[in-house]
């Protein structure tokens, strides 16, 4: 199933309980679609949400609203039923917003091009935490809800851990030679997996974030732009060559290529609410929804056919020596934020 968005998308998200998908575009527009297996997707909303590119979008409030972040530095909450703006915050960050994730029912986190991470209370419409944690753009974030730890990766090559209970930066890794672009928590919270600019997966042990415990180079030299956890042992990757692959973690192995979106980088991967579909977006202006069961039907055979590359958790992995390639940050950081001013989360 495909949706022609008409412009290059930067972000997508599925509704938490309905067959709805949203996409944010380079134009600043926000689209909302309803999809079903037996009919063509129907566009429900098309909103010019921001004056510059819409880089991040997430459903919030149990799917009753969509929150978006933009390179124009603004955050917008939009009502799902009416398409009307609920609240807007201009100058939410000092620089362009790059990433956004849900934390709890009433909080989200945003990261910008200068490396600042902020936590927002969507009910109070205010910033409750701010961390100047990185020296470059915040490429991705993930949240460990049991320990209230917010993990972020950056173009400066570091992984950081912010403790939301103490409002302190708890830990930060040593600088990697390549940009870190994506992050997931796996192995029941024992491992943190980061995708990098040169295609290496860096594995960190929980609580020991200074240096990675393992490196997996099978996808090198193509940057790993997106990571999506399938289960505690398998992760789906989206690379700059447009390939979507299924990888096993500890033992580290490429289980199988799943799909080829296009020849362009994968911007985002996401599951539908029922996990029937895997969604992907790329620079071909298409949002594609793949039947997940169809993609995985041969994964069992593929696992048996592929010998593990590594079943250890040592630092003795072979290192990738190819020079890093420009990616996510270089592609978007030329979108300069404007200097518009407005009231703090003013109701519209």
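Using the three backbone atoms N, Cα and C, a Cβ is placed for every residue, glycine included.
Automated prediction, rather than curation, is the source of TrEMBL annotations.
Sorting each residue of the repeat 'WD' (47-88) by its DSSP state yields 3 helix, 24 strand, 15 coil. If you look up TrEMBL, you'll see 47-88 (among others) marked as repeat 'WD'.
If you look up TrEMBL, you'll see 259-293 (among others) marked as repeat 'WD'. With DSSP classes pooled into helix, strand and coil, the tally for the repeat 'WD' (259-293) is 2 helix, 20 strand, 13 coil.
Taken from TrEMBL, the feature compositional bias 'Polar residues' applies to 299-309 (among others).
Annotated region 'Disordered' per TrEMBL: 299-348, in sequence order.
According to TrEMBL, the compositional bias 'Basic residues' annotation covers 324-334.
Per TrEMBL, the feature compositional bias 'Polar residues' maps to 339-348 (among others).
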Taking all residues of the repeat 'WD' (259-293) together, what is their mean pLDDT? 95
